[in-house]
Amino acid sequence: MTQAKTIIAVGTLGGTITMTAHDGNQGVSSTLGADDLVSAIPELAEMPVELRLQTLSNMASGSIQFTHLFKALAWAKQQVEEGANGVVLVQGTDTLEESAFFLDLYWPYAVPLVLTGAMRSPNEAGADGPANLLGAIRVAMSPKVRNYGVTVVMSDEIHQARFVKKLHTTSVGAFGSPIYGALGHLQEGEVFIYRQADERMIFPIPETHQEKVLLLEAVLDEAEDIYKILPTLDYQGLVIAGVGSGHVSEKVRDALIPTLQKMPVLMASRTGSGYTTKTVYGYKGGEIDLQKLGVVMVGSLDPRKARLLLSAILWSSNKQRPYINQALTKYLQG
């Protein structure tokens, strides 16, 4: 009896995994599409999988915009509606963690949506792209990964979108999930999952996404000028990557007060791991003081993902401050 095939849709956006070298010393650029990437994986011919391939774009991930991600999301949802059992999106690793988190905010299905990429281009010795794509397809095929939202597969590790980070510029083991660890791993073609799925907060697709959120990082002896003029700029939200567990200098704290009257302000930590504190530091610019002013501490959510979360909330139909604060609390406590 012939084994039924699992339907997996694979869409490519570009990135190192699609890049090849040109004549001379001009480096690599995106040239390969979905068909090219799949043809480099002979193991797929022996697997019970039917692949639906689509080259969605061919760009470096630093150039990906929200519009591109909404289009990729629409394509992925269409594949599920047409019977796909899982979806894989391939892109560059520079913004992979942000794309994964962004898509996770809007992915409404139990069906897996898996992102992957490569740290080495196809022409380099030890290119990791084929193994990463094969791993992503295997994860997308697995019923064990249903209900986890968007995941990232790199170097045989499976990471949840909320926690994954790129931790190294060039290492093939660049991705990890500080604090929480990987969701699972692949071994001998089998998927292993370490923890149960949590309930996820799903946002509706916005009619427009015009509201902009600025991300600033607190630094030693920081000038407060940008904070003073921020209320006059075309931004509707602010995320600060604060020092330590979520702090700013006293002069920045004072300059923030007019901004807080105009827009929501979120405080993350610039450290890369750990939680923002809530009840430890009471000095001006410490978290107790900042919360009294209206700043929202985002716990373990990193600054870049906090920006995306606040953007999704601001793009909703209800833009009143009580709703914004309620939505932030609901997500961060989820």
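Keep in mind that glycine also has a Cβ here, set from the backbone N, Cα and C atoms.
Going through S57, S61, S142 against TrEMBL, the one listed in the substrate site together with T93, D94 turns out to be S61. Under the three-state DSSP scheme, T93 (substrate binding site) falls in the coil class. Least crowded of the recorded positions (T16, S61, T93), judged by neighbouring Cβ atoms within 10 Å of its own Cβ: S61.
If you take every residue in the domain 'Asparaginase/glutaminase C-terminal' (212-318) and average the pLDDT, you get 96.
T93 (substrate binding site) sits 8 Å from T16 (active site, O-isoaspartyl threonine intermediate), taking the Cα positions as reference. In sequence order, G15, A60, S61, G62, K166 make up the list of same-chain residues 6 or more apart from D94 (substrate binding site) whose Cβ falls under 8 Å from its Cβ.
In sequence order, G15, T16, A60, G62, Q91, G92, T95, L96, G117, K166 are the same-chain residues whose CB sits within 8 A of the CB centroid of S61, T93, D94, the residues recorded for substrate being left out.
Residue counts for the domain 'Asparaginase/glutaminase C-terminal' (212-318) by DSSP state, with H, G and I taken as helix and E and B as strand, are 40 helix, 20 strand, 47 coil.
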